[in-house]
Each structure stands twice: as structure tokens, then as C-alpha cells.
Amino acid sequence: MRIVLLGAPGSGKGTQAANLVEKYGITHLSTGDMLRAEVSAGTELGVEAKKIMDAGQLVSDDIVLGMIKNNIESIDGGFLLDGFPRNLNQAEALDSLLSGIDQPIDKVIFFDVPFEIIKERLLSRGRSDDNEETIEKRRKVYESETAPLINYYTKQGKLVTVEGVGDVTEISQRIFKALS
Ligand code: AP5
């Protein structure tokens, strides 16, 4: 199974990814986690990425596409993409990469969560990009860059919307049902 998790920052993609990879035995690919690993390792890429992430902006397409390409090509089995693609250019590049290896995306799960709930969740988590100012910037970037992917994947007939509010286990059940 090849899945994309789509939703605003804080909508629960990472939380639900953990349950999905366990249930379906697929590989979790999170561009945010990959970038944070670079930050923790103190690489040149990590130092540059941290500034961009803390400003709530998107890291360049070339960097994230390179990371995804390196990982996807070595996966034997299904995968779940979390936080990628994040704009139309990334989505088109992904489609082209996957059609080249004959492994198209099966489903895109869109997490529908009101911004006020997202804001509460992120403020209580407290990651370095979880302050009011950066949360607001991430929301704006999401609306202008990422939200158009809802339409992109609807047109492909792959989008499934899941209400992302409530108990974590209940939301997982909604997703399992949507994928069955
Ligand atoms: P990334 O790591 O992808 O972060 P994000 O999209 O901002 O998403 P979050 O991790 O904040 O939220 P989430 O939807 O995963 O929710 P979570 O499960 O964690 O990206 C970070 C940065 O990296 C970007 O801003 C950008 O700079 C860069 N980047 C990454 N990918 C990129 C790309 N493709 N292109 C360019 N740049 C890229 O939940 C959030 C909180 O809510 C947690 O504390 C959780 O415990 C809690 N929670 C979750 N579900 C529930 C629930 N049901 N009830 C109560 N609390 C809940």
C-alpha cells in the first residue's frame, strides 16, 4: 500500500502515521523527520534547514525531492508519505518518480481539523517551530502552497477526507475504514 498523509501542520499526520505503519507493515517517510535528523546531526544542510523551518517556510523542493528519491527507490514494499508532497511541484515530481517505477500512490488521506484545535495542540507540544508567530506562518504557507493538493488528488480520484478531531484511536479507526 502506498499512502500520502495530507493536512495542515499539527493536524495529526505524524501521530497517525505511527499507527498506520504498524498496521500495514509499510515504511514511514517523513520529510520533517528527515530534516530534523539533519539538524540534530549538525550537517550543513541541517544548519540551513533549521533557519527555514523555524521561520515556518518550506525548505527547497530540490532538497526534499532528493531525500524522497533516495529513500523511495530503496523501499521494498509499501510506504507512507508524511509532510510530502507540500506543493504542486513536489506532487508532480512525485507522480513522475512513481510512474517511472510503476508504483503509483493508492490513496491520499486528508486530515480535516479546525485551525483553533491545531493551534492548541501545537502550543502544548512546544517544538522549536511551535510558537504563535511560526504557527501562523506555517498556516499561511499551508493554505497557499499545500491546500491546493486537495484539489489535485481529488481530480485523480485518490483523496479521502477523514475528520481529524477526537481520540487518536478513533481517528485511526476512521482511517483504517477509509483504506479498506
Ligand atoms: P513537518 O515535520 O512535516 O511538520 P508539520 O507539517 O508542521 O507537521 P507537524 O509535525 O507539526 O504536525 P502533524 O500533522 O504531523 O501532527 P502531529 O501528529 O505531530 O515539517 C516541519 C518543517 O519542515 C516545515 O515547516 C518545513 O519547513 C520543513 N518541511 C517538511 N517537509 C517539507 C517539504 N515536503 N517541503 C518543504 N519543506 C518541508 O500532532 C501535532 C501535536 O498534536 C502533537 O503534539 C500530537 O501529540 C498532538 N495530537 C495529534 N493528534 C491528536 C489528537 N487526535 N488529539 C489531541 N492531540 C493530538
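Numbering starts at 1 and runs along the chain as displayed.
Backbone N, Cα and C atoms are what each Cβ position is placed from, and that goes for glycine too.
Database features (TrEMBL):
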- Gly10, Ser11, Gly12, Lys13, Gly14, Thr15, Arg125, Gly166: ATP binding site (BINDING)
- 30-59: region 'NMP' (REGION)
- Thr31, Arg36, Gln57, Leu58, Val59, Gly83, Phe84, Pro85, Arg86, Gln90, Arg127, Arg138: AMP binding site (BINDING)
Ask   = Taking residues 6+ outside the region 'NMP' (30-59), which of them lie with a CB under 8 Å of any CB in it?
value = 14, 17, 67-68, 71, 82-84, 86-87, 128-129, 133-138, 141, 145
Task = Run through the Cβ atoms and count how many others sit within 10 Å of the one on Ser11 (ATP binding site).
result = 24
Key: Spatial neighbours, same chain, of Arg125 (ATP binding site) - Cβ under 8 Å, 6+ residues apart   = Gly10
Ask   = Taking Cα atoms as reference points, which of the binding-site residues Gln57, Val59, Arg86 is nearest to Lys13 (ATP binding site)?
value = Arg86
Ask   = Who sits close to Thr15 (ATP binding site): which same-chain residues at least 6 apart have their Cβ under 8 Å from its Cβ?
value = Val168
Key: Greatest C-beta neighbour count within 10 angstroms, which of the binding-site residues Thr31, Gln57   = Thr31
Between Gln57 (AMP binding site) and Gly12 (ATP binding site), the C-alpha gap once rounded to whole angstrom = 19
Remark   = Gly12 (ATP binding site) and Arg86 (AMP binding site), compared by Cα position, are separated in whole Å by 15
Ask   = Once near-sequence residues are set aside, which residues in the chain of Arg127 (AMP binding site), 6 or more away, have Cβ atoms under 8 Å from its Cβ?
value = none
Task = Look at the binding-site residues Gly10, Gly14 and tell me which residue has the greatest number of other C-beta atoms within 10 angstroms of its C-beta.
result = Gly10
Query = Quick one: largest C-alpha distance among Thr31, Arg36, Gln57, Leu58, Val59, Gly83, Phe84, Pro85, Arg86, Gln90, Arg127, Arg138, binding AMP per the record, in angstrom?
reply = 25
Query = Could you give the Cα-Cα distance between Phe84 (AMP binding site) and Ser11 (ATP binding site), in whole Å?
reply = 14
Between Ser11 (ATP binding site) and Arg86 (AMP binding site), the C-alpha gap once rounded to whole angstrom = 14
